[in-house]
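Asker: This is the structure I have questions about; it appears just below.
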Amino acid sequence: MSEIFDVNAAIYPFPARPVPLDTNEKAFYREKIKTLLKQRDAVLVAHYYTDPEIQALAEETGGCVADSLEMARFGNNHPASTLLVAGVRFMGETAKILNPEKKVLMPTLNAECSLDLGCPVDEFTAFCDSHPDRTVVVYANTSAAVKAKADWVVTSSIAVELIEHLDSLGEKIIWAPDRHLGSYVQKKSGADVLCWQGACIVHDEFKTQALARMKALYPDAAVLVHPESPQAVVDMADAVGSTSQLIQAAKTLPQKTLIVATDRGIFYKMQQACPDKELFEAPTAGEGATCRSCAHCPWMAMNGLRAIAEGLEQGGVMHEIHVDEELRQQALIPLNRMLDFANQLKLQVKGNA
């Protein structure tokens, strides 16, 4: 049985796009960032959904491009004393939870996530308290405070396996915050899942009718879909998976044309993985609607070259992530529980986020 907890639909105010830099300014900030990384004993870790020039700079300077959990784990294994996290705020918090001894900086602390914003800790706590018989599973795309309330934290690549495991133990689930991913794991597992009603502003916009028209234009194309997308879109996919899983699918699928339903930032690493293939964004407009995100997270777009340089140079309250130690310890419990479960299954945990 699956129930849906309805909360008021939210229209999140989008941040202003960064002022574009000209070629000379880009070159200036790239060199400045390289210098500051050395001066601050820092490493740049970037999410798959940041702009291509940021991902390229992370690779060029010895950092990494990955999902949120792998970003934090890379930082843990790297000797640098400072992590510059190019992503959204919960990613910086996750890095700090797993690396308390390191300084964690971000280009801006105002880079939000609609899944995080759509799951405020007080409301979520009250919801969980009203269903005390359920095991609480939260997606990685949540605040440290929400993680601290959970029994498990999960990434998209291991979500189905974990819910199947909990279902086999007879446990009923609270799932938060993404309703589409919750619906996907419920359908795959058959578990009793009560979903919080959140959504990613990017994936929520993918449209079935528009995708069908695009598929008609490219009948030989494979469709790759992130499970944060609506179920009707997921049902059209040739491959469904997390960011890392979609990149792997792009490599292994025989089709030379790919229609990709996730943030277009992933195209940088996906094209690296299969340079001989042609990639198209799945449509986010149509069916009587215009796109708001247009397949790119507006908060990810805040991680520009100028902002990264300012984060490294200024630090302080505008850029440094702090997580209360008691809260960090509480959030670490469900995170470690997930990692231990993954190790038992001999799975490599790589998920969106």
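Here the Cβ of each residue, glycine as well, is placed from N, Cα and C on the backbone.
Okay, so Swiss-Prot annotates it like this:
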- His47, Ser68, Tyr139, Ala140, Asn141, Ser156, His226, Pro227, Glu228, Thr243: iminosuccinate binding site (BINDING)
- Cys113, Cys200, Cys297: [4Fe-4S] cluster binding site (BINDING)
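Help me picture these features in the structure, burial and contacts included.
Answerer: His47 (iminosuccinate binding site) carries a strand DSSP state (E or B). Counting every protein chain shown, the Cβ of His47 (iminosuccinate binding site) has 29 other Cβ atoms within 10 Å.
Around Cys113 ([4Fe-4S] cluster binding site), the same-chain residues at least 6 positions away in sequence with a Cβ under 8 Å from its Cβ are Val88, Arg89, Phe90, Asn141, Cys200, Cys297, Trp299. The DSSP secondary structure for Cys113 ([4Fe-4S] cluster binding site) is coil.
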Asker: I'd like to know which of the binding-site residues Tyr139, Cys200, Cys297 has the most other Cβ atoms within 10 Å of its Cβ.
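Answerer: The residue with the most neighbouring Cβ atoms within 10 Å is Tyr139.
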Asker: With every protein chain in view, how many other Cβ atoms are within 10 Å of the Cβ of Glu228 (iminosuccinate binding site)?
Answerer: 30
